[in-house]
Amino acid sequence: MDLGERLELFSRFHDLFREASQRTNLTAITDERDIILKHYVDSLSCLLSGELDGPHTVLDLGTGAGFPGMPLAMARPDLQFTLLDATRKKIAFVTQAIGEVPVPNARAVAGRAEALGRDPETRASFDRVVTRAVSALPVLTELCLPLLRVGGVLIAQKGPLRDEELEAGMRAAGVVGGELLRAVPFTLPVLGDPRTLVLIRKTRPTPNRFPRLDGVPAKTPLF
Ligand code: SAM
């Protein structure tokens with residue numbers, strides 16, 4: 001597939017996304033310019049972390065309507081993506097888009113991160129986990145680290161990040177087997193919205209008691 005054909009995938013996904021957004025409340029962002037900047041450009045910022053260079057398996061945890069997973073999968077056919085969300089309606093759209101665009105290096109899964117994190121098939125099986133707008137860092141570390149293999153990296157897309165959230169996230173990461181690599185602040189082009197990529201490496205196996213049961217990590221965060 002040449003570059004023109006690859007970029008055409010974005011146009012086909014965009015048509016499906018606009019059409020589905022009119023029928024259901026898939027996204028709060030409806031302005032054309034905002035969709036491009038806040039969904040596509042923001043999703044692709046993960047590539048600038050330098051942590052997606054390689055033939056990795058990547059889990060997008062809490063993908064919603066496919067962000068950041070769909071733009072990343074369309075841009076990087078050499079990576080294998082699993083797009084996970086607990087909401088069936090959202091995964092129904094992602095499944096349809098993967099088939100129709102098509103994006104053969106992506107698959108959609110309906111389910112909870114806690115369940116995949118306890119399932120021996122999926123626990124410690126991914127090279128990378130990406131996640132955007134799902135939860136606070138201490139919750140994310142408990143949901144994401146069990147799913148990474150040792151040596152794997154979590155790329156958490158956050159807005160402006162308070163020191164307290166970063167510190168709590170790092171303490172939680174220590175409990176579930178991770179260490180902060182770096183937090184990279186940047187601003188979205190045109191809009192100037194502040195963003196932070198938080199990169200956490202899994203350095204040792206996650207203790208078996210994590211993740212806790214469905215909903216517990218968010219209800220009672222580790223820190
Ligand atoms: N990542 C997308 C984006 O940035 O547009 C969606 C963000 S949306 C605010 C958060 C999503 O995370 C929801 O679709 C929700 O169903 C999903 N989610 C939250 N907790 C989850 C869990 N424990 N397992 C799987 N999905 C979860």
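Every residue gets a Cβ built from N, Cα and C, even glycine.
Keep in mind that TrEMBL annotations are predicted by a computer and have not been checked by a curator.
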Site co-member for S-adenosyl-L-methionine according to TrEMBL, given Gly62, Phe67, Asp85, Ala86, Thr87, Ala113, Glu114, out of Arg33, Arg128, Arg132, Arg149: Arg132
Arg132 (S-adenosyl-L-methionine binding site) - helix vs strand vs coil (DSSP): strand
